[in-house]
Amino acid sequence: MSTALFGSVETGIIYALMALGVYISFRVLDFPDLTVDGSFVTGSAIAAVLITSGQSPIIATAAGTAGGFLAGCITGILHTKGKINPLLSGILMMIALYSINLRIMGGQSNVPLLNEQTIFTMITEFWTSLGISQPVNQSLAGIGIMDPAIIFTALILTFIVKFITDYFLKTEVGMALRATGDNKSMIRSFSANTDGLIILGIGLSNALVALSGALVAQQGGFADAGMGVGMIIIGLASVIIGEALFGTKSIARTTFAVIIGAVIYRIVVTMALLADFLETGDMKLITAVIVIGALITPKLIESRREKKRRLRKKAELSRAAPAEERSGQNAST
Amino acid sequence: MLRLEQVSLTFNEGTMDEKKALQNANIELKSGEFLTVIGSNGAGKSTLMNVISGSVIPDTGNIFINGQAVTPMQEYKRSQMIGRVFQNPSAGTAPSMTIEENLSMAWSRNKKRTLKPGVNKKKKEVFQEHLKTLNLGLEDRMTAQVGLLSGGERQALSLLMATFTEPDILMLDEHTAALDPSRAELITGITADVVEKFQLTTLMVTHNMQQALDLGTRLIMMDQGQIILDVAGEEKQNLTVEKLLEEFQRLRGEKMANDKAVLG
């Protein structure tokens, strides 16, 4: 049980990078970008192919990230220069990437990474070579963490990306990017190239998505052409759950919320799959239900609160009214 | 400073809805001149602003700012030289960002945007000094979201953002039209102050004839895409709303169509 839980925390932290990417496109740029389903696979495909051909996992991961950046830029160009609707440019890129990803993987729909060196095996090896791994691992295994090196690497990496994102969004360029999502004509009147900023923003968003994909492939031990299906909804679920629970007071807080949202999403899915009547194949359905729930629940709570408030006001008024009547009668007599 | 040469623009050419928005418009604005533009709806005032700012490209003619031809230049590049305030108070600011962040973005208008923090201590002090001149207490609310400000406060902030980097041209597009009378008066006052303080070359479009007479050193009246009246100096100072209406009737042989222009 706790092993399954920590397993989902680990996966959640790696998927949080993807969720941060979705946060940049959906929230910061207000651009519903569906490229994600394709660029996630692009990241894992490039990384897997380079690793199997003997490249260093670090270079392979970086190349995967760059591939995602490029894909995102093309979506941005389709929208800004080709004047195609944001949703449609994302869908077009997603469908194009399906074929491109197959090409990258040499026509196969699956590239296994069994017995290959990955970022995670590298770190586990390094950890073991320190000599203190035995006692630490054993004590951590007691609380359910099977592979401490992996979970801590993922944690450190995700938080480094989070802090860079926080910093970037407060720079002059980053602020112009946020303003592009907030009020395009305003920031254009302050000499910002909004087309360029959208291309850059969608590029960065998909770079994070592809980085996440590259890491997921290395953790899971394979890249698969179908592994990106529904990825955008998982990203959105993370963003919405995180924001609903932790709020959006500041950028740092929101990016933190998104990471926690990604982890919570994984935990919820894992718990749901523990139920006897659900199968692994039901995962996408569970995801859809989670997102629908996360979208509707806050509004339901809000409207119920409003209703209560109104009833209370009404009650107060009806209590006050007879009192007034009486005082009115007193005055007249 | 600003020169328009034979600028023409027709919308929907060759269709039933053909509209000559600008017909051979010639304007030359000297440095420090404050031009007010009046005219009824559809006279071409907004089109005039849009061809100068670059959001619309004219069919023919040339536009020069500081002697440099800007006609083919993209809007965002041109806006390095132009400060703009829009009619809608929400249009000139980013509502989900803070006052200091908005000012910082305006501060970057004529500079290259870098990967350095947009707001730092030094900039904050500068912004605070500028905000104090508005007398709205905004200097104490630097980290408040702009979306929480009232329309008048937002418009005052927009005006500050458009002017404090001293643009070559300041363009005001009916920037008090969406405000209630007392707020409009406040913004009109701030406008006069900042234009005076920075000696800005200004173009102001307005529906309100009285405002056009009160502000500025020169006035043009437009009708059907043409500039039909151009007065400056003492002649402008002696103008009244009645005289303007008479002048319009004399020039066009008909009464001015829009009551809003008189009353507004």
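In case you wondered, yes, glycine gets a Cβ from its N, Cα and C as well.
Annotated features, as they stand in TrEMBL:
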- A:12-29: transmembrane segment (TRANSMEM)
- A:58-78: transmembrane segment (TRANSMEM)
- A:87-106: transmembrane segment (TRANSMEM)
- A:149-169: transmembrane segment (TRANSMEM)
- A:196-217: transmembrane segment (TRANSMEM)
- A:229-248: transmembrane segment (TRANSMEM)
- A:255-277: transmembrane segment (TRANSMEM)
- A:283-301: transmembrane segment (TRANSMEM)
- A:306-333: region 'Disordered' (REGION)
- A:314-327: compositional bias 'Basic and acidic residues' (COMPBIAS)
Best-contacting stretch, by C-beta pairs under 8 Å, relative to the transmembrane segment (A:149-169) and drawn from A:196-217, A:229-248, A:255-277, A:283-301: A:255-277
Sequence-remote partners of the transmembrane segment (A:12-29) [C-beta within less than 8 Å, at least six residues beyond its ends]: 36, 40, 151, 154-155, 157-158, 161-162, 165, 169, 177-178, 180-181, 198, 201-202, 204-209, 211-213, 215-216, 219, 231-232, 234-236, 238-239, 242, 254-255, 258-259, 261-267
In contact by Cβ distance (the transmembrane segment (A:255-277), the transmembrane segment (A:196-217); 3 or more pairs under 8 Å): no
Cβ contacts under 8 Å made by the transmembrane segment (A:87-106) with residues that lie 6+ beyond its boundaries: 32-39, 41-42, 45-46, 48-49, 67, 71, 74-76, 78-79, 223, 225
